[in-house]
Amino acid sequence: MSRTCRMSFELLATDGKARRGRLTFPRGTVETPAFMPVGTYGTVKGMLPRDIEAIGAEIILGNTFHLWLRPGTEVIKKHNGLHDFMQWKGPILTDSGGFQVFSLGAMRKIKEEGVTFASPVDGSKVFMGPEESMQVQRDLGSDIVMIFDECTPYPAEHDVARTSMELSLRWAQRSKNAHGDNTAALFGIVQGGMYEDLRMRSLEALVNIDFDGLAIGGLSVGEPKHEMIKVLDYLPAQMPADKPRYLMGVGKPEDLVEGVRRGVDMFDCVMPTRNARNGHLFVDTGVIKIRNAFHRHDDSPLDPTCDCYTCTNFSRAYLHHLDKCGEMLSSMLNTIHNLRHYQRLMAGLREAIQQGKLAAFVDAFYAKRGLPVPPLD
């Protein structure tokens, strides 16, 4: 079956293991390393599409599982896909639903064919397998499609992790077959828990299946930070150099920096948006908890170095006031800032790699936080 992927990836510069690249789609380009805001239900919470564009995001993430259950693909197909439905003009990556099924715990039953579970919307019995996931993502019109996989739990014994990884590989091949002539990029997902031998077996098999990009799954699922770093110390550098590398569901600003130092190109996480709604705001020195009483009379901007709409217009006292009153504008302004902070961080990393000055950037990043620079293996 002849197929031409509508995504291309160009590697522009390297600095150690770190990479500066560019993804090109018919809908636009994405400079990497990139952070993707999460729009689970077809909306980045608290953000209009024009706000997402204004903070510098070039690609966002949608969720296959949740959009399939509600509103359903028939509604979205009537709008010619998710882009028109939510009025986002740039590229969209959709998660396959595997992680959400994993999150259901006892509510789901995993078999070779796929997963049967009780819908969290209405309790009805629902089935999803690789073929269903690929069809839903085709209906959504995703620019990057993720394979359907099983997210290995943490902790997991070696045998459990191996069985899970092998099932994910069989589902990976079925996902590739079902993707068929769809010109959207299809990414494989490396699993294997915290075991290097399983991770490398998974990677080798996925490379042989031949995907358009590869992701690292099964991290940020409750493991200690040092376990995640141990995987990142060896895995990204073993992935094909000519394809994008995506670390799923990670994370804090420090995690993004450490991922980039080890060769990761793409990230997503709900942290900046979720923390914004809880009044936890990211700045270069760490986190400001805006609901703390000592911000009540502070007429200074949240972050004088930030160029976002929130920081250039409003004081900490006003943001504190909105939070204490439970105003919806609080979540909106906080989210604008947190997502802009993440985009500014990624832009700084890209520039540092381009100039061969990543080490100096990393030193300054940690110095502002009063933290030592973690060793790089």
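Quick reminder: no glycine exception, Cβ is built from N, Cα and C everywhere.
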Among ASP51, ASP143, ASP149, ASP265 - the residue TrEMBL places in the same substrate site as ASP95, SER96, GLY97, GLY98, PHE99, GLN191, GLY218: ASP149
Given TrEMBL lists CYS306, CYS308, CYS311 for Zn(2+), the same-site residue among HIS280, HIS295, HIS321, HIS337: HIS337
Region 'RNA binding' per TrEMBL - which of 221-227, 249-255, 298-304: 249-255
Stretch carrying region 'RNA binding' according to TrEMBL (options 28-32, 273-277, 283-287): 273-277
Chain-mates of CYS306, CYS308, CYS311, HIS337 with C-beta within 8 Å of site centroid, Zn(2+): PRO301, LEU302, ASP303, ASP307, TYR309, THR310, THR312, ILE336, ARG340, HIS341
Fewest Cβ neighbours within 10 Å, where candidates are the active-site residues ASP95, ASP268: ASP268
Segment-level pLDDT (mean, integer) for the region 'RNA binding' (249-255): 96
Residue pair ASP95 (active site, proton acceptor), CYS311 (Zn(2+) binding site) - Cα distance, angstrom, rounded: 32
Residues of the region 'RNA binding' (249-255) by DSSP state, where helix covers H, G and I: 3 helix, 1 strand, 3 coil
DSSP-derived class (H/G/I helix, E/B strand, else coil) of ASP95 (active site, proton acceptor): strand
Least surrounded among the binding-site residues, given as CYS306, CYS311, when other CB atoms within 10 Å are counted: CYS306
